[in-house]
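Quick notes on the structure that follows.
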Amino acid sequence: MALTSFLPAPTQLSQDQLEAEEKARSQRSRQTSLVSSRREPPPYGYRKGWIPRLLEDFGDGGAFPEIHVAQYPLDMGRKKKMSNALAIQVDSEGKIKYDAIARQGQSKDKVIYSKYTDLVPKEVMNADDPDLQRPDEEAIKEITEKTRVALEKSVSQKVAAAMPVRAADKLAPAQYIRYTPSQQGVAFNSGAKQRVIRMVEMQKDPMEPPRFKINKKIPRGPPSPPAPVMHSPSRKMTVKEQQEWKIPPCISNWKNAKGYTIPLDKRLAADGRGLQTVHINENFAKLAEALYIADRKAREAVEMRAQVERKMAQKEKEKHEEKLREMAQKARERRAGIKTHVEKEDGEARERDEIRHDRRKERQHDRNLSRAAPDKRSKLQRNENRDISEVIALGVPNPRTSNEVQYDQRLFNQSKGMDSGFAGGEDEIYNVYDQAWRGGKDMAQSIYRPSKNLDKDMYGDDLEARIKTNRFVPDKEFSGSDRRQRGREGPVQFEEDPFGLDKFLEEAKQHGGSKRPSDSSRPKEHEHEGKKRRKE
């Protein structure tokens, strides 16, 4: 006997056996499909592991009690899913009617504009169409009267319903109806073929309470349809649009409770400074223009000063060369033994020029005096030969010397003197003058020296210390300065334009601020140098 006869039958099939059984089942189903396409549950004994899922699995029967799974034959007991999805509707051309979404919950007579053509104005093909004509006066009056009656009826009903006690409603007028019965004969309807029926509304009791309750909550009607969105089809966003839609988070400039490390660019983006338009004040442009003009003028002034310095250096160089040339010429003439009379002639010409210049000044002075007013003319004539000193030193006699003999005016018209016999003939007494020559106060002291009695209250007892002039004298003087010089003789003499400033101003006026002087100014320069050389 084989060993397999003693072993129990296997409960599980091998892979080969499963494949063979599947192949046989497919063949059987193929054979049965040719006969009948009806699907039925497997017979008893072969339902292990089988679960009915579809409606065809139940066949014509109900649920299988031996299969402990929720079963819904013919979908009985299955909860229906609630959905607000609408069934797709198409129009006569086969296009989907998207306006069904807007028409949901609305009456069929309500006009809803949901197409692009609704936005486009219609073209009037026939101007005489009666639908497009304006109503006449009779139609307007009729419609107005109907509207007024309907509104009055609605308002009266509302007012009457709100009143607690109201009068009885007016009865409608009686209506007469001609009635013809269907059964005609002597036995029916008392032998009458027609009857006239008078119909009257039954009178109502005004104190009768309302029969129907109307205080129930009526469900709210559907809302207004959503506005149709007429836009182009959606397109993919670009990178630039995505970056523009990035909204920076709200970052405080004062609080950071969590202690996060926030980059500076994110903090500035949250601040919103980049979103503000920058308005530049027009004064910045004015300031920049003013600075540019000032810089340009400063450069022009520097360049002009440099030109003036170069011209002065050139003139100095030319003067030095001319001097060296004259010295060389004199040395050559001295060696050759030739006597020159150039200096003598130059000296005579210089004297003649000075005389001409003085006479010209006198004539100009006379013309000015003749043109002046009478009071001013007398004042000029009075101060014509007046000598005004430069300074008045305090307590110092005038050091100016004069060639004229000066007399003391106090000696004249006196009863004493040499003619009176020297004090009555007493030779031993030398008192020719009754008082000292310098005993009286000088005019400068009377002008500038304050009186003690009047100014004592203001300045105090230290008046002598205040009026001393020693405090204005430096303790250590500069080298080369000698304060004990002799007084100058004659009026003050000034040098004539040592720096060439007048000449520079004349050139600037002539050329009108041009950067480079023209050649026409050179003769004037030589003429000015000649005048200066003659005055020297």
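Using N, Cα and C of the backbone, Cβ positions are placed for all residues, glycine too.
Residues or ranges marked as phosphoserine in Swiss-Prot: SER14 (among others). For SER14 (phosphoserine), other Cβ atoms within 10 Å of its Cβ number 9.
Under the heading region 'Interaction with PPIL1', Swiss-Prot lists 59-79. Remark: secondary structure over the region 'Interaction with PPIL1' (59-79) totals 3 helix, 0 strand, 18 coil, with classes taken from DSSP.
LYS81 (SUMO2 cross-link) falls outside any helix or strand according to DSSP and counts as coil. Annotation comment: Swiss-Prot describes LYS81 (among others) as SUMO2 cross-link.
The SUMO2 cross-link feature in Swiss-Prot is assigned to LYS97 (among others). A simple way to gauge crowding: the CB of LYS97 (SUMO2 cross-link) has 13 other CB atoms within 10 angstroms, across all the protein chains here. Classification of LYS97 (SUMO2 cross-link) by DSSP places it in coil, neither helical nor stranded.
Long-range C-beta contacts of LYS122 (SUMO2 cross-link), restricted to its own chain and to partners at least six residues apart, with a cutoff below 8 Å, are absent. Positions annotated as SUMO2 cross-link by Swiss-Prot: LYS122 (among others).
Neighbours of LYS141 (SUMO2 cross-link), defined as other CB atoms within 10 A of its CB across all chains, total 11. Sequence annotations record features per position, and here Swiss-Prot assigns SUMO2 cross-link to LYS141 (among others).
The SUMO2 cross-link annotation in Swiss-Prot covers LYS158 (among others) and rests on a large-scale study or a structure entry. When secondary structure is read from DSSP and collapsed to three states, LYS158 (SUMO2 cross-link) falls in the helix class.
Residues annotated as region 'SNW' in Swiss-Prot: 174-339.
For SER182 (phosphoserine), other Cβ atoms within 10 Å of its Cβ number 6. Residues annotated as phosphoserine in Swiss-Prot: SER182 (among others).
According to DSSP, SER190 (phosphoserine) sits within a helical segment. Under the heading phosphoserine, Swiss-Prot lists SER190 (among others), citing a large-scale study or a structure entry as support.
A simple way to gauge crowding: the CB of LYS193 (SUMO2 cross-link) has 10 other CB atoms within 10 angstroms, across all the protein chains here. Among the features that Swiss-Prot reports, SUMO2 cross-link is placed at LYS193 (among others).
On its own chain, SER224 (phosphoserine) has no residue at least 6 apart in sequence with a Cβ closer than 8 Å to its own Cβ. Annotation source Swiss-Prot lists phosphoserine at SER224 (among others), citing a large-scale study or a structure entry.
Cβ neighbours within 10 Å of SER232 (phosphoserine), excluding its own Cβ and spanning all shown chains: 5. Residues or ranges marked as phosphoserine in Swiss-Prot: SER232 (among others).
Taken from Swiss-Prot, the feature phosphoserine applies to SER234 (among others). Mapped onto three states, the DSSP output places SER234 (phosphoserine) in coil. Packing around SER234 (phosphoserine) is summarised by its Cβ count: 6 other Cβ atoms lie within 10 angstroms of its Cβ, all protein chains included.
In three-state terms derived from DSSP, LYS240 (SUMO2 cross-link) belongs to a helical segment. Residues or ranges marked as SUMO2 cross-link in Swiss-Prot: LYS240 (among others).
The 10 Å shell around the Cβ of LYS258 (SUMO2 cross-link) contains 5 further Cβ atoms across the protein chains shown. According to Swiss-Prot, the feature SUMO2 cross-link maps to LYS258 (among others), an assignment based on a large-scale study or a structure entry.
Nearest Cα neighbour of SER190 (phosphoserine) among the listed recorded positions (LYS158, SER182, SER232): SER182.
With respect to SER232 (phosphoserine), the closest of these recorded positions in Cα terms is LYS81, chosen from SER14, LYS81, LYS141, LYS286. Put simply, LYS97 is the one of the recorded positions SER14, LYS97, SER234, LYS240, LYS258 whose Cα lies nearest to the Cα of LYS141 (SUMO2 cross-link).
Cα-Cα distances to SER182 (phosphoserine) place none of the recorded sites LYS81, LYS97, LYS240, LYS286 within 10 Å. Predicted-model confidence for the region 'SNW' (174-339) is 85, expressed as mean pLDDT. LYS81 (SUMO2 cross-link) and SER14 (phosphoserine) are 44 Å apart (CA-CA, integer value).
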